[in-house]
Amino acid sequence: MGNICSKSANKPDNFSTPGRTLGSSAQPKPNSTTVPPKITASTPGRALGGRDGASSSEDARSAAAKAAEERASKANKTGGKLSAQLNSQKKQTQNQLLNSRSEEERLARDADERVKDRNWN
């Protein structure tokens, strides 16, 4: 009922008027531009960072083979102590992992109880 009794001195809502339709604005449409012609090169491209002369496909193949060997050697390289622990945990089943964790927790609780008993006396 509040809308019926409102005063006309209130500012009208921005969305109460119908507004404009698409394309009825007075803004000029931009002129279309021409598409630049495609540039075609008659010579093949060069590899960046290489030697000044043209490189043969054998050099590219040997470089790719060398890079693949380096990646394979890095993948097979054994890590340090943490990676060994991670690999041993990956090999364990879930029950074995849970049992080892619970045993560690039991040992930690026993050690805490011994310290508590020692300090009590």
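Cβ coordinates come from backbone N, Cα and C, glycine included.
Annotations in TrEMBL come from automatic prediction, not curation.
Just so it is clear, the model here is predicted, and its values are computed rather than measured.
Annotation source TrEMBL lists compositional bias 'Polar residues' at 1-43 (among others).
Here TrEMBL flags 1-121 as region 'Disordered'.
What TrEMBL lists as compositional bias 'Low complexity' is 54-66.
Listed as Cβ neighbours of the compositional bias 'Polar residues' (84-99) (distance under 8 Å, sequence separation of 6 or more from its ends, same chain) are residues 78. Residues annotated as compositional bias 'Polar residues' in TrEMBL: 84-99 (among others).
The compositional bias 'Basic and acidic residues' annotation in TrEMBL covers 101-121. Helix, strand and coil counts from DSSP across the compositional bias 'Basic and acidic residues' (101-121) read 20 helix, 0 strand, 1 coil.
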